[in-house]
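Only one structure is covered here, and it is reproduced in the block below.
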Amino acid sequence: MSRKWLYSTNHKDIGTLYFIFGIWSGMVGTSLSLLIRAELGNPGSLIGDDQIYNTIVTAHAFIMIFFMVMPIMIGGFGNWLVPLMLGAPDMAFPRMNNMSFWLLPPSLTLLISSSIVENGAGTGWTVYPPLSSNIAHGGSSVDLAIFSLHLAGITSILGAINFITTIINMRINGMSFDQMPLFVWSVGITALLLLLSLPVLAGAFTMLTTDRNLNTSFFDPAGGEILFYIQHLFWFFGHPEVYILILPGFGMISMLFHKKEEKKKHFGSLGMIYAMMAIGLLGFVVWAHHMFTVGMDIDTRAYFTSATMIIAVPTGIKIFSWLATLHGTQINYSPSILWSLGFVFLFTVGGLTGVVLANPSIDIALHDTYYVVAHFHYVLSMGAVFAIIAGFIHWYPLFTGLSLNPYFLKIQFFTMFIGVNLTFFPQHFLGLAGMPRRYSDYPDAYISWNIISSLGSYISLLAVMLILIIIWESMINQRMILFSLNLTSSMEWYKSKLPPAEHSYNELPILSNF
């Protein structure tokens with residue numbers, strides 16, 4: 001048994017490991033977010049120590065991004081579905097695939113260790129010096145966090161190499177690039193983004209480590225360096241990273257809309273591919289919109305504003321293509337379609353607040369306020385997470401051979417929908433009123449919206465517990481899937497046996513072009 005999991009080279013087993021790891025990390029991250037909302041539910045102090053509060057905020061961000069969304073989307077769905085959708089026997093490098101999973105638990109262990117030794121890493125996920133330098137954060141906490149991110153980065157780079165090689169070399173005969181499913185495209189583009197952006201982060205963090213431990217002065221003004229040089233390096237990684245988090249979600253939502261609505265093809269499939277490529281490319285040239293407040297030249301600001309707004313064009317193409325795919329169908333409100341519709345609506349809201357923040361004069365007022373928190377949580381907490389749950393419900397019968405209870409799933413969807421909106425919508429008002437991020441206390445004027453926001457987080461907690469109960473119920477009752485209701489145009493459902501056998505295909509499939 002232990003050999004099956006520890007030494008596995010099977011993409012389905014490794015994908016399952018990623019899912020288990022991601023769900024567990026997601027529960028840790030959710031617990032941390034509830035601590036944050038408990039602290040902010042009322043003015044005054046609950047935790048009592050702001051360093052601990054900042055450590056919780058930092059750990060919440062890192063865990064949700066690197067140990068929940070990325071392992072589930074790229075590691076879980078990517079490993080399970082890409083080989084099946086390509087008709088490949090497995091991934092290109094199965095043993096490397098196993099290694100890239102088993103580097104993640106040590107990485108998470110290091111991150112949690114960084115929070116519980118010394119004073120914890122209370123730097124925020126951006127890890128800016130001088131706060132992250134050895135003056136403000138002496139001791140080993142920040143070093144442990146950096147080492148943890150190095151490991152997570154190695155994991156992602158290895159995974160990216162594996163996906164790119166698999167997609168280029170292991171398609172079945174006759175499958176051209178434009179015939180690949182949109183989810184495979186989205187994972188491929190995501191892998192390319194990871195491969196290009198993570199080395200920059202590794203370089204920045206290595207320089208920060210030597211500044212802290214080896215007396216160099218890469219980011220130290222005393223050594224004649226520019227302090228915000230690290231911000232350029234960090235955000236050159238950090239902005240593509242947010243597209244890395246959402247692109248596989250785009251692919252999943254595209255698959256869901258045309259499979260669940262029984263369309264043979266998605267509307268504007270080629271346009272969707274080009275839109276994802278454009279988003280990936282533009283994601284690399286807009287990083288400084290996170291840094292409007294460092295004091296930039298007017299021409300630089302004009303460039304980053306326009307470039308940021310241009311990203312809205314391919315994103316708009318995707319949203320209207322999804323709506324066009326739905327057009328003319330009798331919408332079947334199955335749980336996964338509810339999540340997908342929720343994704344489209346809430347992701348659009350998050351995107352619109354992003355266009356607001358792209359304007360430097362507005363951003364200077366709103367930078368580091370709760371308006372920014374609301375913006376990126378609409379995109380991540382209601383974009384990435386909704387896509388994950390939609391995909392999980394849709395492909396759960398493929399992964400397990402079991403069915404979930406659709407009635408409970410609908411109750412859970414509406415609970416979660418109300419919970420997340422009640423949590424994050426009021427934060428727009430708090431931000432416009434000037435409440436800053438990363439503070440554990442606030443003036444009494446902000447109390448009403450904070451109480452509502454914290455109430456929403458408790459409802460979201462109930463929803464998370466509900467979906468865990470629904471999955472547990474399905475596994476206890478073992479309601480087997482007798483036959484797949486999906487069209488044969490989707491190759492992952494091709495086998496009559498669910499879940500697929502250890503070797504997916506006895507012989508490689510043939511693609512017929514009519």
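Each residue's number is its place along the chain shown, starting with 1.
Glycine is treated like the rest: Cβ placed from N, Cα and C.
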### Message
Given that Swiss-Prot assigns His289, His290 to the Cu cation site, pick the one from His232, His239, His327 that the record assigns to that site as well.
### Response
His239
### Task
Determine the most Cβ-crowded residue among the binding-site residues Glu39, Asp368, using a 10 Å radius around each Cβ and all protein chains in the structure.
Glu39
### Message
Using only C-alpha positions, which one of Gly44, His290, His377 is spatially nearest His367 (Mg(2+) binding site)? These are the binding-site residues in the record.
### Response
His290
### Task
Any same-chain residues 6+ apart from Gly44 (Ca(2+) binding site) with CB under 8 Å of its CB? Would you list them in sequence order, or say none?
Asp441
#### Entry: Asp368 (Mg(2+) binding site) versus binding-site residues Glu39, His239, His377 - nearest by Cα
His377
### Task
In whole Å, note down how far the CA of Tyr243 (O2 binding site) lies from the CA of His377 (Fe(II)-heme a binding site).
14
